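Enquirer: The structure that follows is given in the form of structure tokens.
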Amino acid sequence: MILLTESPLAGDLCALAFSICVALSLLRCFEETARRGVFNQKLNRKLVHITFGLQFMLCWPLFSSGSQGAFMAAVVPGVNIVKVLLIGYGIVKDEATVKSMSRFGDYRELIRGPLYYVCTITLCCTVYWRTSPIAIAAMCNLCAGDGFADIVGRRFGKKKIPYNTDKSFAGSIAMAVAGFIASVGYMYYFSMFGFVEKKSEMVVGFFVVSLMSALVESLPISTILDDNLTVPLANVLLGTLVFL
């Protein structure tokens, strides 16, 4: 663990301040690319989707062990829950955020997918935290897996899945591969700090969970409900069976 000061509380406050600055800087960057039209809106949204959660996980070792560090870390996505609710219900107007996080530029979209997304990250902190492979799998399949599924599917997804023509084989394969690679990568990253052990059984578990996440994401129910909801739920349920 990286200790910023001798006081765990002071260290957590410093870690929180740093994490919030990084998160806000990243979001500001993508708000600017959305405003300038650097990427098309769908790609910009998915780049936010991929990078926000993954960069936040990189900051987890900065926090102390135990519930204090977990809850302090959860403040980062917690702030974004408040932001998404305020914008999604029309209380606060923020066109740059809407463009960077929505599919079609409607502010009301934020109270679905983006809200599920930040709620998942918050729960991964407070319930599972960095010692749990369930948190690693859920975050990586949601961020990397689902993000690359959309990007690759739009570019190369000519062959559609028979039971859901909104999804493609290319997108589903990309989701399984990206989610698995990210999960293994973060297993090695957290093992450097002693949070998890590098085990072949865990790698196999990540493969199974990523494969099933891609399957769940391809189902029609994920299109109806939102894959930002169904994919994390599937990861938690299956991860509980695989890793515990």
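Cβ coordinates are placed from backbone N, Cα and C, and glycine is handled just like the others.
Please treat TrEMBL annotations as automatic predictions, because they have not gone through curation.
Not my notes, these are from TrEMBL:
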TRANSMEM  6-27  transmembrane segment
TRANSMEM  47-63  transmembrane segment
TRANSMEM  69-92  transmembrane segment
TRANSMEM  113-129  transmembrane segment
TRANSMEM  169-190  transmembrane segment
TRANSMEM  202-225  transmembrane segment
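Map the listed features onto the structure and describe their local environment.
Expert: Counting same-chain residues at least six beyond the ends of the transmembrane segment (6-27), those with a Cβ under 8 angstroms from any Cβ of the stretch are 48, 51-52, 55-56, 59, 62-64, 68-69, 72-73, 75-76, 79-80, 97, 100.
For the transmembrane segment (113-129), same-chain residues at least 6 beyond its ends with a Cβ under 8 Å from one of its own Cβ atoms are 49, 53, 56, 60, 69-71, 73-74, 77-78, 80-81, 84-85, 88, 101-103, 135, 138-139, 142, 226-229, 232.
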Enquirer: Go through the chain and flag residues at least 6 beyond the ends of the transmembrane segment (169-190) whose CB is under 8 A from any CB in it; none is fine as an answer.
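Expert: Distant contacts of the transmembrane segment (169-190): 54, 57-58, 60-61, 130-131, 133, 136-137, 139-141, 143-161, 196, 198, 202-203, 206-207, 209-211, 213-215, 217-218.
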